[in-house]
Amino acid sequence: MKETDQMQSLEGSGAERSVGTQTGSMTGQIPRLSKVNLFTLLSLWMELFPGVEAQGQKSQKTEEESRGPLGDNEELTRVSTEKKQVKKTGLVVVKNMKIIGLHCSSEDLHTGQIALIKHGSRLKNCDLYFSRKPCSACLKMIVNAGVNRISYWPSDPEISLLTEASSSEDAKLDAKAAERLKSNSRAHVCVLLQPLVCYMVQFVEETSYKCDFIQKTAKALPGADTDFYSECKQERIKEYEMLFLVSNEERHKQILMTIGLESLCEDPYFSNLRQNMKDLILLLATVASSVPNLKHFGFYCSSPEQINEIHNQSLPQEVARHCMVQARLLAYRTEDHKTGVGAVIWAEAKSRSCDGTGAMYFIGCGYNAFPVGSEYADFPHMDDKHKDREIRKFRYIIHAEQNALTFRCQDIKPEERSMIFVTKCPCDECVPLIKGAGIKQIYAGDVDVGKKKADISYMKFGELEGVRKFTWQLNPSEAYSLDPNEPERRENGVLRRRSAKDEQRSSKRPRLETRSAGRATLQ
């Protein structure tokens, strides 16, 4: 039972370490994600970072063309088999319980190798959260860097044990090598999964259903209601369960035993483990569905005269949506009883890097919380409904954007395109900070734009100049196509208008949904 005891003791130590870091011990009226579960969910979500598949197809096509019409079929088959066996993996790098890196595998490098290249000796004393158990090649370098802890999702590892590949024996040998590295390492290599607090899933479902993105979508699409959210969520649940869970219990036990988790194969540990994993996948699918992947909706500039100019500088919608879901996950660490807000800052370098995120790299993230080191009762928690202004929270709480800027792990470079993703419209307190920090783009909801409330106002966002603003709305260049006389069809669970030309072509091609000015996503 060594592994089980280690998992439980490390969970306890993780909870203790979070005390005093942005009020980690806070307990209040709303359920809250633990930091361990937040980092785990972000690692799973980073495995789904868009764009890598398209890069892989392009790379493979170039390779085939370079070999000529006949090509080396045997070599191509071998390379293809190896790529299928190596699973894309997400990684969250944490130092002093603060995120300093979000990564995913690329076409050429595993995510552990990318972490070594990006962080080097700075990995010392860091905690690493992988979406799959890393292979021995990654593990030996990470351990050598002096990391403190390596946590991984207890399912199919990076070198897959599920694929029917000819080199499955190599996968088992790699798993044994990784286990030996773990046994002889000073770093803790373990599974950190904590049960979700009571009512957490229900709370996430309710708040995701009511979030600005879903409600605005439902109001804007003719004939649609919020039932599309439930349908979209069910699709995501099926997709993520296939990707992150092992449906067959006996097969799951075999994998756990192969990767050194024999003690988790006995009940009640095994059943508890599977239930915790299912709960986290349900939560991830729920949050991901709150920023739906739609044809006509996305993050666009509202100014008609700037649409064509800005298009060439905006992110693909899939990437913008992915980053906003990161912010939505962060919002569930909030200390605000009324409204959870998350923010994440990314930048885009001049050229592509070795990371699976391409030219984009992580700057910082945050959520709204009270000052670091404070305890639950140190500051007022009342909102503007309370008559006594002295005991209202607004003078004490640190906004998500402010925390993201304060705890950023890299400088914001003026010559690069930097962007912040916020789950709500930035308030008048944060807008000048964002502009002053040199951030070039803001992606946010706009439900509160122009509103002035008792303790907080949102007047400056609409008037902001010098920073590009992309808000969740109908694509201005496609809005005209929503003719109420057109036939309807469901796409990703959402009612969408369909032209006769679309009907004719639908049987001849995959469901390729075009974005504005040539951007496209395969749904």
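Each residue, glycine too, has its Cβ placed from N, Cα and C.
Quick look at what Swiss-Prot annotates:
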type: DOMAIN; residues: 71-169; note: domain 'CMP/dCMP-type deaminase 1'
type: BINDING; residues: His110, Cys135, Cys138; note: Zn(2+) 1 binding site
type: MOTIF; residues: 272-284; note: motif 'Nuclear export signal'
type: BINDING; residues: His399, Cys427, Cys430; note: Zn(2+) 2 binding site
type: COMPBIAS; residues: 486-516; note: compositional bias 'Basic and acidic residues'
type: MOTIF; residues: 489-511; note: motif 'Bipartite nuclear localization signal'
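The Zn(2+) 1 site, placed at the center of the C-beta atoms of His110, Cys135, Cys138, has further neighbours from the same chain whose C-beta lies within 8 angstroms: Val86, Thr89, Thr111, Gly112, Gln113, Pro134, Ser136, Ala137, Leu139, Glu158, Ile159. As a summary of secondary structure, the motif 'Nuclear export signal' (272-284) carries 13 helix, 0 strand, 0 coil according to DSSP.
Comparing Cys427 (Zn(2+) 2 binding site) with His110 (Zn(2+) 1 binding site), their Cα atoms are 40 Å apart once rounded. Each of Ala400, Glu401, Gln402, Pro426, Asp428, Glu429, Val431, Leu433, Ile456 belongs to the same chain as His399, Cys427, Cys430, is absent from that list, and has a C-beta within 8 angstroms of the C-beta centroid marking the Zn(2+) 2 site. Each of the binding-site residues Cys138, Cys427 was assessed for Cβ neighbours inside 10 Å, and the highest tally belongs to Cys138. For the binding-site residues Cys135, Cys430, the largest tally of other C-beta atoms within 10 A is found at Cys430. Around the Cβ of His399 (Zn(2+) 2 binding site), the number of neighbouring Cβ atoms within 10 Å comes to 24. Using a 10 Å radius centred on the Cβ of His110 (Zn(2+) 1 binding site) and all shown protein chains, the other Cβ atoms total 24. Closest to Cys430 (Zn(2+) 2 binding site) by Cα-Cα distance, out of the binding-site residues His110, Cys135, Cys138, is His110.
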